[in-house]
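Below is one structure, written out as structure tokens, with a few remarks after it.
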């Protein structure tokens, strides 16, 4: 057998290097343009308000940045809804245990930070256990579909129906809701949906953060529940993709060993084990 592990490592590193080059090509010029535009706007502001000097403006910009880092929106006034009411706190707790971590909101008190550490210490394993059980339930339904439809062609159709239903429920329809409520385009809503369910969580798009909109109290709580079930489904999809990639590499780089042919029948007689697990 030819070991494919070094090839997988090289392929992984190559994929990271490729991503770095493409992101640099696509984003660096836009970042430079935004930086120049911001400096130009600051210069215009100083020209219009001659009573201010550059140092005072830089101090005010620093105050705005500190407020933003603490989750306080610079827009609007003090009548903006609290970032730590029950609905928002429930949503934040969900982002902690699911390890999404948008980064737009975090505890600012020492007590809150200490509690967040211990809350995540026990909450992350609890969330993984919950997702594992939820994944087993989804996997059981998938295996039931495969047993119910015995023909290979119909089994493929059943799996396709299972994946299509999940795609519609977790990736296609939710962006429509987010686009309507948040005022985003469908592409932005789909981007937020995938970045959230994959636990990447950049924080550039987060629901319920526009101070100019009035949200119903249950909006973010329902979003948190959608995230939990979407995480379990997308984890299944990622795990299936990883299994297919491993099998492809094994078939491509492993030579068949005829001495193991006698063990094939023995393996086929064993009961079928679940093929999809939530990765922990």
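Each Cβ is built from the backbone N, Cα and C atoms, and glycine gets one as well.
TrEMBL does not curate its annotations; it predicts them automatically.
Since the structure is predicted, the reported quantities are computational estimates derived from the model, not experimental observations.
On the 0 to 100 pLDDT scale, the model's mean across the domain 'Potassium channel' (79-136) is 86. The domain 'Potassium channel' feature in TrEMBL is assigned to 79-136 (among others).
In the domain 'Potassium channel' (167-246), helix, strand and coil residues by DSSP number 56 helix, 0 strand, 24 coil. The domain 'Potassium channel' annotation in TrEMBL covers 167-246 (among others).
Feature annotation from TrEMBL assigns N-linked glycosylation site to 77.
TrEMBL lists 6-26 (among others) with the feature transmembrane segment.
As annotated by TrEMBL, transmembrane segment applies to 110-131 (among others). Same-chain residues lying 6+ beyond the ends of the transmembrane segment (110-131) with a Cβ under 8 Å from its Cβ atoms: 93, 96-99, 228, 231-232, 235, 278, 280.
As annotated by TrEMBL, transmembrane segment applies to 152-177 (among others). Below 8 angstroms of C-beta separation, residues 141-142, 145-146, 184, 186, 189-190, 192-194, 197, 226, 229-230, 233-234, 236-237 of the same chain, each at least six residues beyond the ends of the transmembrane segment (152-177), sit close to that stretch.
Long-range contacts of the transmembrane segment (189-207) within the same chain: residues 95, 98-104, 170-171, 174-179, 181-182, 219-220, 223, 227, 230-231, 233-234, 238, each at least 6 residues beyond the stretch ends and with a Cβ under 8 Å from a Cβ of the stretch. The feature transmembrane segment is assigned by TrEMBL to 189-207 (among others).
The transmembrane segment annotation in TrEMBL covers 219-242 (among others).
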